[in-house]
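Participant: If you scroll down you'll find the structure; I have some questions about it.
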């Protein structure tokens with residue numbers, strides 16, 4: 001509903017009778033059901049009502065003041081005539097008496113104006129009391145918010161984000177139209193690395209995986225929850241049998257997919273059994289900094305996941321260094337279909353998939369923007385201009401999580417989240 005902050009742009013009825021709505025999710029980072037947010041919204045409505053009342057009062061006062069000014073001459077004339085009549089009652093004949101009565105009738109409309117002034121005076125007193133109450137409520141909210149320390153407030157924000165993302169799961173796929181300001185979750189590790197949550201498991205699974213460094217690493221930390229990750233507590237360690245290359249790893253349905261160091265081999269590691277389930281070579285894919293992103297770091301092969309499944313981005317000599325997007329079978333690591341995007345991979349800062357579309361940034365440094373989009377459903381592309389705030393000036397990992405509808409980044413030793421705004425077409429029946 002509009003009260004929830006949703007913006008409904010268009011609506012129509014499909015031939016089969018279903019209602020189709022085009023909507024954009026709210027950019028705000030808090031859920032409207034939060035008590036503080038609800039109270040602040042009520043305050044804003046009250047302030048708006050008071051402002052409207054003051055405007056009405058202002059217009060009415062201006063109108064009435066003009067009428068009083070216009071009757072000022074009449075009142076002075078009547079006053080002088082009454083004074084003459086009281087001093088010389090003999091001169092008060094029938095004609096002059098009727099004249100006085102006529103002047104009095106001209107002043108009769110002044111009475112309701114004065115009555116309105118009295119009513120307005122009472123309204124002003126009421127508005128003054130409302131403003132005093134609003135000030136008190138704002139002060140109490142400020143005091144309550146001040147009672148929380150920064151980490152506690154951050155946890156409240158993250159919980160609200162989780163509630164918002166749960167609502168967003170009801171939406172179908174959409175086109176990226178905006179990226180929020182960055183939310184720094186933690187500052188840890190070296191300049192390069194990756195962190196992620198599972199892109200497919202139910203929302204009850206809130207584990208976070210953390211992989212510091214971009215080559216020859218084997219140590220993966222598994223945190224029980226995001227709050228544990230923020231505090232750096234309650235984690236277990238996985239030691240991979242094969243070291244990784246780059247930062248383009250992804251966790252999909254309980255398994256880690258990554259590029260084996262000094263090879264173009266894709267590895268599927270299962271966390272529960274702590275074993276490698278599968279290895280498969282990507283034919284012709286460059287490795288060892290043959291075709292990395294602009295920041296280097298052995299980022300030749302980049303695994304991704306979106307609403308449609310598992311993907312891998314790389315390039316080959318045959319494609320002249322242009323980005324290749326391949327849809328991959330999660331069970332066999334077999335390439336199901338590939339697309340040549342025509343975009344040179346060494347010119348890309350990073351890339352991620354949303355709803356079957358590859359989005360590419362034009363730099364890994366400050367000033368980057370989402371510059372290019374390739375649509376696998378139509379095998380077409382377009383150049384985009386979506387602002388992207390690179391707060392710490394060096395992004396070495398950027399991935400989309402379809403379960404949470406958020407971008408995960410590793411930015412110069414900071415683990416950062418971005419919310420995304422997607423242009424959706426959804427069906428009221430709940431079908432995608």
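Backbone N, Cα and C define each Cβ position, glycine as well.
Remember, TrEMBL labels are computer predictions, not curated facts.
This is the feature table in TrEMBL:
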type	residues	note
DISULFID	173-355	disulfide bond
DOMAIN	172-424	domain 'Olfactomedin-like'
Participant: Just to be sure I understand the packing, how many Cβ atoms besides its own are within 10 Å of the Cβ of residue 355 (disulfide bond)?
Facilitator: 19
Participant: To what whole number does the mean pLDDT across the domain 'Olfactomedin-like' (172-424) round?
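Facilitator: The predicted confidence over the domain 'Olfactomedin-like' (172-424), as a mean pLDDT, is 94.
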Participant: Report, as a single number, how many Cβ atoms besides its own are within 10 Å of the Cβ of residue 173 (disulfide bond).
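Facilitator: The answer is 19 other Cβ atoms.
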